[in-house]
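The next block holds one structure in the form of structure tokens; read it before the comments.
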Amino acid sequence: MKVTKADIVISAVKPEQYPDSDLPEIALAGRSNVGKSSFINKILNRKKLVRISSKPGKTQTLNFFLINEMMHFVDVPGYGYAKVSKSERAAWGKMIETYFTTREQLDAAVLVVDLRHQPTSDDVMMYDFLKHYEIPTIIIATKADKIPKGKWQKHLKVVKETLAVEIGDEIVLFSSETGLGKEEAWKAIHKFTKTKNA
């Protein structure tokens, strides 16, 4: 998809701050510093729309981005960062649970994982959470450029088996460096969104 417009609309922490809109939404989740911001910037053809932080756990709000006036991307705070306090972690959990369980506009989630490593227990927990609430999920296995092409399938198998990926959910090999998987990611997103304008 050609992205001609991408703007941040609001950073929200509670439902009354969510955009008053019927546009479909795609939530983007992933471990702190897994490469989620780089994925968003790459797929939207923007260098710095989402700030890439050297400090994990920096995003503490739900950031809504309006894409081509036709859908919202919702950047969810990264999880699994050890230095976040228990109270912050509890607030984070409540905020995302409220969003995922009450937002009717949510069509699917994108879960970004690092292809180089076996998904963590936090990744498994996040995927299980999404499946518990029957949210269609696209798994973006990023940093594919850091692994020899001949080993991609072996690493993908580990991701699939560790997460116990359900039938119907898609896994896309991705690289924010080379752009590998960009078209496939958009195809998967359009498959789940109510808007079919490619």
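Positions of Cβ are set from backbone N, Cα and C atoms, glycine also.
Per Swiss-Prot, the feature domain 'EngB-type G' maps to 22-195; the stated evidence is sequence analysis. Summed and averaged per residue, pLDDT over the domain 'EngB-type G' (22-195) gives 90.
The secondary structure of LYS143 (GTP binding site), as reduced to three states from DSSP, is coil rather than helix or strand. Annotation source Swiss-Prot lists GTP binding site at 30-37, 57-61, 75-78, 142-145, 174-176, citing sequence analysis.
SER37 (Mg(2+) binding site) is surrounded by 23 other CB atoms, counting those within 10 A of its CB over all protein chains shown. Annotated Mg(2+) binding site per Swiss-Prot: SER37, THR59, in sequence order.
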Please report the distance from the Cα of GLY30 (GTP binding site) to the Cα of SER37 (Mg(2+) binding site), rounded to the nearest angstrom.
10
Tell me the coarse DSSP state (helix, strand, coil) of PHE174 (GTP binding site).
coil
Pairwise Cα distance for PHE174 (GTP binding site)/SER37 (Mg(2+) binding site) [Å, integer]:
13
Residues with Cβ closer than 8 Å to the Cβ of LYS143 (GTP binding site), same chain and 6+ apart in sequence?
GLY35, ASP114, LEU115, ARG116, PHE174, SER175, SER176
Let me know the DSSP-derived helix, strand or coil state of LYS36 (GTP binding site), please.
helix
